[in-house]
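If you check TrEMBL, you get these features:
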TRANSMEM  A:37-54  transmembrane segment
TRANSMEM  A:61-78  transmembrane segment
TRANSMEM  A:98-117  transmembrane segment
TRANSMEM  A:124-142  transmembrane segment
TRANSMEM  A:170-197  transmembrane segment
TRANSMEM  A:217-236  transmembrane segment
TRANSMEM  A:256-280  transmembrane segment
TRANSMEM  A:292-311  transmembrane segment
Amino acid sequence: MTRLIFPALIFLSFLFLPVLADLLGESVLRTMGARIMIYAICAASLNLILGYGGMVSFGHAAFFGIGNYVVGILYHHYASGEPLWGLIPGSNQMLITLPAAMLVAGIAALIIGALSLRTSGVQFIMITLAFAQMLFFLFVSLKTYGGEDGIIVRRTNALFGLNMRDKTTVYYVILGVATLYFLALWRIVNSSFGAMLSGIRQNERRMAAMGISTYRYKLYGFVLAGMSAGLAGALMANMLRFASPDTMHWTKSGEFMIMVILGGVGSFLGPILGSAAFVTLETYLAGWTEHWPLVLGLILLIVVLGTRGGIKGLIDRLLGGRS
Amino acid sequence: MTAILTVTGLCKRFGGLTATDNVSLEVKTGEIHALIGPNGAGKSTLINQLCGELAPDAGRIELGGREITHDSPEDRVHQGLGRTFQITSLLEDFTVRQNLGLAIQARAGGNLRIWDRVGARRSIWAEADRRLGESGLAARAGTPVADLSHGEKKQLELILALAGEPRLLLLDEPMAGLGHVESQQMIAGLNGLRGHVSMLLVEHDMDAVFALADRISVLVYGQLLMTGTAEEIRRDARVREAYLGGEEELC
């Protein structure tokens, strides 16, 4: 039971954050909370392949950005009334746009993964980075969809007739999706597939000697992670009411990696803590100096050198528990 | 007796070096067949071709009458080929029990499932506990592999290979680095498997080879010098010449 206290605490903090924000009159807290949850989904999906599966992907923002654009493009066609390629009608329904974002991101992950997982190590890092940058420049060149200015989504997608103009409602929708996501991720990590993935991280040669063709399993994990990142990107487009090519820039991939490392590579709750730390630092340091990435870099250095297992590892050791 | 493994005319060249030179070899069903030879004779190269990590330049490998020359290492495992590594290759973060569970899980299949709970696959964990109970590692079930001694890791290598229920086991120097007592335990363990699983044993420890092997093949400079019983090998002048540089006795 003690293992459930920490996740429950995190859930309750997010549940009451808007109440606290209203009490303090600091609506920025609610916005930060929503961003933390969305980034946490994306960082956790990167952690699935990086922390559990040992695949250091430096192009994870590609899938985040694809999810972002699926919402933007579907809204664009919904508003103009013209179907995409004369075939696919636009939509402003969240029950359509979120699954569509996951589907398209998953297909992209299948293609990128199928090619890049033939390599490993540094080559894998560089190839995933190259694919993500290719997508970035592709979307920057798409003048129909605003080029480098991106697409403005006038209204947040509709869901069950809720009043999505209300920021707090959107916040709780994001909390609901994030909660479902982390419950699903918990199942995946503890499934038969999760055990295989963990084995592949530790020793691919041994897994092959057990009769496991590791490529299939890695590709499967890569696609699952890509779909999750697409979900996060779709939520971000809904929250900011804006789809932008910046969401697939390589610096975004770097940010997701920083969140995973800050929180604790290969720990389940680490990405949530990492995302919270990143967004908090970004918000307050950016208000203090425009050179905030320098301070972030120093903090990252301290965390990497000074703690084993990031913030989650530090908390575990402070509580005297297991690492 | 039928052959479980038939190797015909196997060749492997690295640049100008012929590491495997037209090797033909047969392991009979149920036998323990040892492969010996001086350092650099090409034993590891041969083993790596048998388990599929290296592709031969020419020749044919058959397992139980079915050709596996071009199969991937994973496919060979499904055909009934198990192996142990000379330098232990285990899942270091997992416990002994988790390592064994994963090996059984790999054999049982159904591993692309993302919605089950691996902890609830009872048959896997029951088998893991049974296999651990029969081994000398029962007391170490909950220990992470990184904390095991070298001898214990060698034992676990063998347990994992057996969990795949192989028809033929390739043992790459299972005694390497073991102390005398541990070696004796390993020899007893392998002896206990005689008749249940066929084995091709690569080993430097001559006491172990003579204690275990039904037949012995001698590899020198990539070529198969001869195959015979322990007694025939001991008596053969060419083996003594090649192997021990003309010393009187082989052991």
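Even glycines carry a Cβ here, placed using N, Cα and C.
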Seg_contact(the transmembrane segment (A:256-280), the transmembrane segment (A:37-54)) with at least 3 CB pairs under 8 angstroms, min sep 6: yes
Contact call for the transmembrane segment (A:217-236) against the transmembrane segment (A:37-54), three or more Cβ pairs under 8 Å: yes
Chain residues in Cβ proximity to the transmembrane segment (A:98-117) (below 8 Å; excluding those fewer than six residues from its ends, i.e. six or more beyond): 55, 57, 59, 62-63, 66-68, 70-71, 74, 91, 124, 127-128, 131, 135, 157, 177, 215, 218-219, 222-231, 233-235
Selection from A:61-78, A:124-142, A:170-197, the stretch that has most Cβ pairs under 8 A to the transmembrane segment (A:37-54): A:170-197
Distant-in-sequence neighbours of the transmembrane segment (A:61-78), which means Cβ under 8 A and at least six residues beyond its ends: 42, 84, 88-92, 96-97, 100-102, 104-105, 108-109, 112, 128, 131-132, 135-136, 139, 145, 150-151, 153-154, 157, 225-227, 229-238, 242-245, 247-250, 252-253, 255-256
